[in-house]
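What Swiss-Prot records for this protein:
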- 1-37: transit peptide (TRANSIT)
- K52: N6-succinyllysine (MOD_RES)
- E80, A81, C166, N204, T208, S258, H301, K310, N380, S414: (3S)-3-hydroxy-3-methylglutaryl-CoA binding site (BINDING)
- K83: N6-acetyllysine (MOD_RES)
- K118: N6-succinyllysine (MOD_RES)
- E132: active site, proton donor/acceptor (ACT_SITE)
- C166: active site, acyl-thioester intermediate (ACT_SITE)
- K243: N6-acetyllysine (MOD_RES)
- K256: N6-succinyllysine (MOD_RES)
- K256: N6-acetyllysine (MOD_RES)
- H301: active site, proton donor/acceptor (ACT_SITE)
- K306: N6-acetyllysine (MOD_RES)
- K310: N6-succinyllysine (MOD_RES)
- K310: N6-acetyllysine (MOD_RES)
- K327: N6-succinyllysine (MOD_RES)
- K333: N6-succinyllysine (MOD_RES)
- K342: N6-succinyllysine (MOD_RES)
- K342: N6-acetyllysine (MOD_RES)
- K350: N6-succinyllysine (MOD_RES)
- K354: N6-succinyllysine (MOD_RES)
- K354: N6-acetyllysine (MOD_RES)
- K358: N6-succinyllysine (MOD_RES)
- K358: N6-acetyllysine (MOD_RES)
- K427: N6-acetyllysine (MOD_RES)
- S433: phosphoserine (MOD_RES)
- K437: N6-acetyllysine (MOD_RES)
- S440: phosphoserine (MOD_RES)
- K447: N6-succinyllysine (MOD_RES)
- K447: N6-acetyllysine (MOD_RES)
- S456: phosphoserine (MOD_RES)
- K473: N6-succinyllysine (MOD_RES)
- K473: N6-acetyllysine (MOD_RES)
- S477: phosphoserine (MOD_RES)
Amino acid sequence: MQRLLAPARRVLQVKRVMQESSLSPAHLLPAAQQRFSTIPPAPLAKTDTWPKDVGILALEVYFPAQYVDQTDLEKFNNVEAGKYTVGLGQTRMGFCSVQEDINSLCLTVVQRLMERTKLPWDAVGRLEVGTETIIDKSKAVKTVLMELFQDSGNTDIEGIDTTNACYGGTASLFNAANWMESSYWDGRYALVVCGDIAVYPSGNARPTGGAGAVAMLIGPKAPLVLEQGLRGTHMENAYDFYKPNLASEYPLVDGKLSIQCYLRALDRCYAAYRRKIQNQWKQAGNNQPFTLDDVQYMIFHTPFCKMVQKSLARLMFNDFLSSSSDKQNNLYKGLEAFKGLKLEETYTNKDVDKALLKASLDMFNKKTKASLYLSTNNGNMYTSSLYGCLASLLSHHSAQELAGSRIGAFSYGSGLAASFFSFRVSKDASPGSPLEKLVSSVSDLPKRLDSRRRMSPEEFTEIMNQREQFYHKVNFSPPGDTSNLFPGTWYLERVDEMHRRKYARRPV
């Protein structure tokens, strides 16, 4: 198999292809030769300036082929009806059998993305994985994914795994954009992979699990552009959720502390983001304050769906406290009694929560509710949770509705690391445009979720017990029928006596 061309030779080849097609680098191939998402099939010619509009070109979502219904779990666990479905806002929870692990999830989602876009494997120059599902303390998931690039001869691929609870995917996305806007960029695309298996021991936390992976193709001239200079970040040392027991998949969780940490990080990230965007506006002659009115859609890391509704309400409270008295009285009806409070005094105030949820309900329905479809029906995907929300948002709106909008995003990982950032959506929603094709690519999300097999709580519990039994077991082949997997799914075929893992793929 031909080795990857050297960078200088590659750029010459790109120029020759462009010339033969009578195209400049700024244009696309003829319609008959276009890849999905209108992505050029060859690497981009590098220039001396920053590439324009770096962001998400294509997106792929993977989740397991089986789920347990939360109403069934409520009955099985002998809790009151609505504890999970209303209290947590969860309807179904996807889960993996012992045939799937973090490597197989990421293999599946990357191969699906590459096959759908028909992008040459040597067009990828960076691949980074965000995950907290650690099955080896040394060997990265990224090294396993390199198996997919073997036939292309492409071994010149930067990036490695990034880990900090649910934040690793966002760090990987930022790293990809930073690489592309640096002197180290060689003109090729970046792949960002986020994936996790969220499992808990039997008890109150188990219904907040889930599993899945998201792969994103990053490049210039994207339909979802990362807004430059607009990241508000907060990091601190906290033991709200952590995994010190390396012999178990299960975390240690301080639930109340974790919610407080999440909300505190949200407050501080939002303040930092507002400060930066207002500075940009001020330099452009605009002295208006930034509020949620300047964001058409808002997505969040989603440990459970009810948390997201509280988080949007929290952002409204930030806007309320920073606004003038006139605006507080006119724009934020029902919140007047709380204008003397400080943010840090309200994390456990149920009266504030109740008033905020009521005041922000219409905004939640317009800006955020559609983004929770995957989380509601599949559960918490940890690092990929935020980007599953992005896919859900795209799947529930037309390209015309999304065009020109700003999508705010809040990413949180316990321990803790958090960022508030934003995407600017392309204004071009015409048929065949990158935006229209990106939206179209995730339009089957509801249909795919409905195609999964419903498992009983007893079957779910048995599989959780199997995962405990086989965790770090050697010299075995996982039990199960591979025909129960979705077509094209990679699975763990065997673990040998030296812990080496072998994978196979179910035929498409």
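Including glycine, each Cβ sits where the backbone N, Cα and C put it.
Here T208 ((3S)-3-hydroxy-3-methylglutaryl-CoA binding site) is compared against the recorded positions K52, E132, K306, K333, S440, and the shortest C-alpha distance is to K306. Around K83 (N6-acetyllysine), the C-beta neighbours below 8 angstroms that are at least 6 residues distant in the chain are E74. Candidate modified residues: K118, K256, S456, K473, S477. Nearest to E80 ((3S)-3-hydroxy-3-methylglutaryl-CoA binding site) by Cα distance: S456. On a Cα basis, K256 (N6-succinyllysine) lies 43 Å away from K52 (N6-succinyllysine). Most Cβ neighbours within 10 Å among the recorded positions E80, E132: this distinction goes to E132. The DSSP secondary structure for T208 ((3S)-3-hydroxy-3-methylglutaryl-CoA binding site) is helix.
Here N380 ((3S)-3-hydroxy-3-methylglutaryl-CoA binding site) is positioned 12 angstrom away from K306 (N6-acetyllysine), judged by their C-alpha atoms.
When every Cα pair among E80, A81, C166, N204, T208, S258, H301, K310, N380, S414 is compared, the largest distance found for this (3S)-3-hydroxy-3-methylglutaryl-CoA site is 30 Å.
The most crowded of the modified residues listed here (K118, K243, K333, K342, K437) is K437, judged by how many other CB atoms sit within 10 Å of its own CB. Between the CA atoms of K327 (N6-succinyllysine) and N380 ((3S)-3-hydroxy-3-methylglutaryl-CoA binding site) there is a gap of 37 Å. Cα of K473 (N6-succinyllysine) to Cα of K350 (N6-succinyllysine): a distance of 46 Å. Each of the recorded positions N380, S433, S440, S477 was scored by the number of other CB atoms within 10 A of its CB, and the lowest score belongs to S477.
Calculated from their C-alpha atoms, the gap between K243 (N6-acetyllysine) and E132 (active site, proton donor/acceptor) amounts to 9 Å.
In this structure the alpha carbons, written CA, of K437 (N6-acetyllysine) and N380 ((3S)-3-hydroxy-3-methylglutaryl-CoA binding site) are 27 Å apart. Look at the Cβ of each of the recorded positions T208, S456 and count the other Cβ atoms within 10 Å; the largest number goes with T208.
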